[in-house]
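First up is the structure itself, then whatever we jot down about it.
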Amino acid sequence: MSALKIENLSCSYQKTAVLEALDLTLNDNEIVCLLGESGCGKTTLLRAVAGLQTELTGKISIRQKVLNDEKTYTPSEQRKIGLIFQDYALFPHLNVFDNVAFSLTNKLSKTEKQQRVDSVLSLVQLSDMSKRFPHQLSGGQQQRIAIARALAYQPELMLLDEPFSNLDQHVRFQLINEIRQLFKQHQMSALFVTHSKEEGFAFADRIALMQAGKIVQIDTAQKLYRQPNSAYVADFMGQSNYIGVTVVDKFSYQGCFGLLGSNSVIEHSIGKQLRLLLRPEHINIVPDLNGLAMVKQVDFQGALQQITVQFNQQIFIVKHSNHCNDCLQFEVDDKVTLTVLNHDFVTFESETNTE
Amino acid sequence: MISKSSYLYKLLPWAVTCILLCPIIAIFLSAFVIDESGSFSHLIDTVLLTYISNSILVILFVVLLSILFAMPCAWFVACCDFPSREKLQWALMLPLAMPPYIIAIVYTDLLDFTGPVQLALRELFSWQSIDDYYFPDIRTIFGASVILALSLFPYLYLLLRSAFLTQSAGLFQAARTLGLSPIKAFWRVSIPLSRSAMAVGVSLIAMETLGDFATVNYFAVHTLTTAIYDTWLELGSLTTAAKISSMMLLAIVVLISLENYSRRKQQVYQRNSNGSVDLRFTLTGWKKWGVLGFTWSLVSFSLFIPIATLVYYAVHYFTESLNDDLINYTMNSLWLAFLVAILALAVALIVNFYQRLSPGFAAKSAIRLSSLGYAVPGTVVAIGVLIPLTSFDLLLNDFLLSWDLPPVGLILSGSLVILVLGYLVRFSAIAVGSVDSSLVQVSPSLELASRTLGNGPIKTLWRVNIPLIKKGMLTAFILVFIEAMKELPAALLLRPFNFETLATYVYQFVSDEMIEYAALPALMIIALGLIPFIVVNRLLEKKR
């Protein structure tokens, strides 16, 4: 059974389409990240699932219960979802206990309420903070309380709207790990919005990359990085170099790096011109006094050096290890030779090619 | 986020808005009604031009004097450091609680031929009669303007002080590093940046001046406001009074537009503010004494001297002043102000929650329209509520008579209903604004969190919004309470027969020049205004 199913969902604002015929399925116990630039519609999609976006067409169901379609609109308060906000949205007039107990109705006895609050507070490791007020907590603690408050409601689905972006770098990734483990232990399905791919990599099982109201690719982080289905996805997921290549036969391309042998059968016709994606780590760089390439810029990046190289009237970004004392150090104007390392090649239609 | 069936959410705020707007529409329409009595055309032929020119002159003088008083004070308090600065920033606000007609009677008493100032001068220089020396007459347009400016300058002071405080310190620092002295930097950076605050303050003061009745009437300066009062109470011509009111409304519309335009600009100028506290420079020597002399003299003239004079008279005439009338009228004022403040708060909650529940153009319009009354002078509002309510009463009585039923009389226009409605039209805006400004500080995500945690919109308002805006609600209540305690022109025109408030009671003694009897009730008005004023400011400071 799917935790969440979105079918053909569209939404427009002042005649501009924000979401366009969007489909998405979230499996049980799965965390999916909606990733994309500002204004791509990811928050609108989250709000639509939460029932906070009313002008919609399409269908939204949680655990096969239809919440939104042509005839149905279930208000937010009846959807049984836990929504986590970027600004935590803790009620400043209530202490931690009352914040966490906010959704617990009077049908529960005082002891039951206490037990429920205690159990979720211990899950987020803040049992001793129940008397404090939100302003007395750090950002990370506030976000844990917000998660505890949502968990106390026993939601069927968690929605997280940029929940980590207000936190410091070191707190952020520690909290991401903890919450991911927590969700996995409790078999919680979650839809998570962010514009940071690093957060998406760390938190989600699958990433749905959005562009202009559509999901352009949905898959694991590794697949999105290594096998992007478009140059947009490739560029969004990491640094990219492109070279023009021609298909020579079923297993090789010809380009500025010479003949490149493919690990799999090339499905394009022989003679077809394509753009081949080269990540910086797929290019090897060696000093060579007779080399045809020249170093234009070197940037120190801790464990790596990022080297900008001009070769064949084109600029390439290359990464080189920096972690040992005797590692090669490159300098501007050094002559070098670039070679392509063996990997699963990814090609896109050439911009001039309309096959 | 409201379900489509919930028409009540929309109906109630619009009903409230329509009631509050009705008097203003009535005034607007009255401009097109033909005046059959001919008194308006008579007014045009005779004194209307004088009234208009007097109104313009008073406004001009008051504005100029207020700038002269407020701008240096605001700058000294915001940007300089000198002894008693913190006390002064408070003291300079307090004259707002002083009704100008009370300051007027005090200075008339002090500066008259028989007053202590001229007496002392005559004794000092052995002058025998008025022909032996020149002493300026306070009962002139300029005299009235000085009195009004003494009571109104804090509006401008408050706006300019906050403009100076919130201007980006970086800009001032940049000017200093580019070689400008603090004073030059102030003239070339701070003053141009506070132009919009100045425009807002000036338009507020102009509106208050245009609306003043008691002070100008006491000094026998005939303005448009006194003309309305005279035509209605003495000539009995509601149409003429309404026509003059519509002229004033036009002036108010111009001033509001100026204010709104300037407020929008002010927001741009005050972005990225980080306070200029660190940049205060310490005053020493003659500069320090000059600043202390100027600022504390202003506080003395607008606050200490009037209060001391009133205390002197109140003590000397205590037994004559403390009577049943005083107690009854104080109680009248208190419960009237309380009732109006509660109702205004209800109006504020209704229209603001409407906007919160279904944000959009319609809700914004409801807030704007329900707040229109704030700028309209009490006299104009009074005429505005008189028109529809007297028409209603007349129609009702005609209807009853046509069915051979006994007439009920002036059940709305002759009762307290009209007074309460008049006050509400005038003061709801204060409550609406105050509730609005605390509601916008409640992050929308708090409401969304509550909604997704199983609470409907009304429950969310009750459990999340209301607890978070309690201080804003209290502020709204107190501000309306203060205004309702002080309000005079609307009370004079709308009060039912034999009903007095503290303000009308004081004004009666003021117009009879009996300062000795006016003193104690006047001090009551000041105290009942000052104490809540201090409470509100403490609340607002804590909120920051």
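Heads up, the Cβ atoms here are built off N, Cα and C, so glycines get one too.
Now, the feature entries from TrEMBL:
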- B:52-260: domain 'ABC transmembrane type-1' (DOMAIN)
- B:330-536: domain 'ABC transmembrane type-1' (DOMAIN)
- B:12-34: transmembrane segment (TRANSMEM)
- B:54-78: transmembrane segment (TRANSMEM)
- B:90-108: transmembrane segment (TRANSMEM)
- B:141-160: transmembrane segment (TRANSMEM)
- B:197-220: transmembrane segment (TRANSMEM)
- B:240-258: transmembrane segment (TRANSMEM)
- B:289-314: transmembrane segment (TRANSMEM)
- B:334-354: transmembrane segment (TRANSMEM)
- B:366-387: transmembrane segment (TRANSMEM)
- B:407-425: transmembrane segment (TRANSMEM)
- B:473-494: transmembrane segment (TRANSMEM)
- B:514-536: transmembrane segment (TRANSMEM)
Check: Have the transmembrane segment (B:514-536) and the transmembrane segment (B:90-108) got at least three CB pairs under 8 Å, pairs 6 or more apart in sequence?
Finding: yes
Checklist line | Segment proximity, the transmembrane segment (B:334-354) to the transmembrane segment (B:54-78), 3 or more C-beta pairs under 8 Å | finding: no
Checklist line | Stretch among B:141-160, B:334-354, B:366-387, B:473-494 sharing the most Cβ pairs under 8 Å with the transmembrane segment (B:12-34) | finding: B:366-387
Next item on the list: Go through B:240-258, B:334-354, B:407-425, B:473-494 and flag the stretch with the largest number of C-beta pairs under 8 Å relative to the transmembrane segment (B:90-108).
Entry: B:473-494
Notebook entry, point to check: Taking the transmembrane segment (B:240-258) as reference, which of B:141-160, B:197-220, B:366-387, B:407-425, B:473-494 has the most Cβ pairs under 8 angstroms?
Noted result: B:366-387
Checklist line | Any contact, the transmembrane segment (B:473-494) to the transmembrane segment (B:289-314), with at least 3 Cβ pairs under 8 A | finding: no
Margin query: Restricting to CB pairs under 8 Å, which listed stretch, B:289-314, B:334-354, B:366-387, is in contact most with the transmembrane segment (B:197-220)?
Written below: B:366-387
